[in-house]
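Annotation comment: TrEMBL describes 2-292 as domain 'Cation efflux protein transmembrane'. For 304-346, the entry in TrEMBL reads domain 'Cation efflux protein cytoplasmic'. Under the heading transmembrane segment, TrEMBL lists 28-47, 67-85, 105-126, 223-248, 268-293.
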Amino acid sequence: MFILTSSAASFEIIYGIRTHSNALIADGLYSFAEGLCLIGVMLVLHYSDTVPNEHKHNTFGYERSELLFGLVQEVFLLSISLGVIVDAVNNLFNPVHVHDPKVLIILGVSGVFIGILGMIMFRGYLHNHDIKEEINEKRKREFLSFSKKHMKNLKRIPTLSNPKESLETPLMIKQSQDEITDHRKKAKTSSKSVEQHPPDLDAFAYENVDMEVSRVYATLHALCLHSFVIFLEPIIVIISGLMIHFIPQIDSLTGNEINVWLKYVDPILTLIMVILVAVHAIPVILSISAVLIENVPDGIDTQKLMNEIITAVPAIKSIHSFHIWRATPKEIYASLHIVCDEDTMLSTCTNAYGKDVQKVLKNYCIRYFTLQFEYATSPKLEQINAYDCAYGLYRKRRGHTLDESMLKLAKDAIVHI
């Protein structure tokens, strides 16, 4: 793919200069830049996959390097666009005729085939980092799963299969219902006794939430080869060549110049090409920047998530130092401090509270999370409305924040007893 893109780009730049076509030169520059970035992508992805996470200079690994390279690549394309804009505007004020439009048509057709090949090779890669749709899909599946389980439980309840049984006295019916209730209580106690033997902590610590197969995140494969834009750019070149070739510019009878407006077709179409590239590149830059500065992923409401955790686990009275960020396009992390009003064993926190919190976070596509449990005494619960960190480490915007917005967030998430 790199050889095809670079070869086509070289021919477009050379013949674009000969024919005085801004559109052909612009298409060649964009194609050549994307071909160079494709080589850079392969190197970055190879390096990020081969370097172990235990590297002494970077224990987190180098997966974020592809995001950094993608940002550089998009800025590089926009910088090329500035030069193309200057050249096109200059030709608008000083128009020139495009020579040999057949060359534009031939090179444009070849560029279309390369664009189609790129769309086939890199199909399915998206630049959108919003996970709102996936969260909604998870909730729909969970609702359907809950409905099926509920229907199965209803079927398991014993019903009156024999009509004669309806003649039994109310005392007998009440006695049979009591027996069923006792049987269920015994089953619950037996299940609780089994749960008292907690599973291995390693099984919980390294249990990852599988990401959805249908979900495709932005990778540098898509960032460095703008398949759809590469497909549109040569179409613009073909349109310019066809108009210049089939619309006469000189009157065959008088020899006078006609259709002077054809001089402006090529630079105008070049500016349209620049707009297409910018429309594609700017959202990618904003999306990658949001990941690099560790914004909360789109589609996640932190206030709503805190309330869901506290509702799911009544033993949790407050949450503070709550942080959600996206380390890579496909991995979302969370870190939170949980305040309990009971001095609970570590095994209970890990296997009971932790599992319930994991279920809530899983609904928000959060793959990795870190919980820090804290214990607040009863007098302290009555004195304050928002819980401070038990370790008293107050550093603004670094995990222990005491600004007004975070205090208000913590107060709103408290469930009053």
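Every residue, even glycine, has its Cβ placed from backbone N, Cα and C.
Please treat TrEMBL annotations as automatic predictions, because they have not gone through curation.
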Legend entry - Long-range environment of the transmembrane segment (268-293) - Cβ separation under 8 angstroms, sequence gap at least 6: 22-23, 26-27, 30, 64, 67-68, 70-71, 74-75, 77-78, 81, 84-85, 87-89, 92, 127-129, 218, 223, 226, 228-229, 232-233, 236-237, 239-240, 326, 328-329
Legend entry - Model confidence over the domain 'Cation efflux protein cytoplasmic' (304-346), averaged pLDDT: 86
Inset, instruction - Would you kindly list the residues that approach the transmembrane segment (223-248) from elsewhere in its chain, counting only those six or more residues past its ends and only Cβ-Cβ distances under 8 Å? - result: 1, 5, 12, 21, 23-24, 26-27, 30-31, 34, 37-38, 40-41, 70, 73-74, 98, 101-105, 107-112, 114-116, 118-119, 121-123, 127, 258-259, 262, 265-266, 269-270, 272-273, 276-277, 280-281, 284, 288
Inset, instruction - May I have the DSSP-based helix, strand and coil counts for the residues of the domain 'Cation efflux protein cytoplasmic' (304-346)? - result: 10 helix, 23 strand, 10 coil
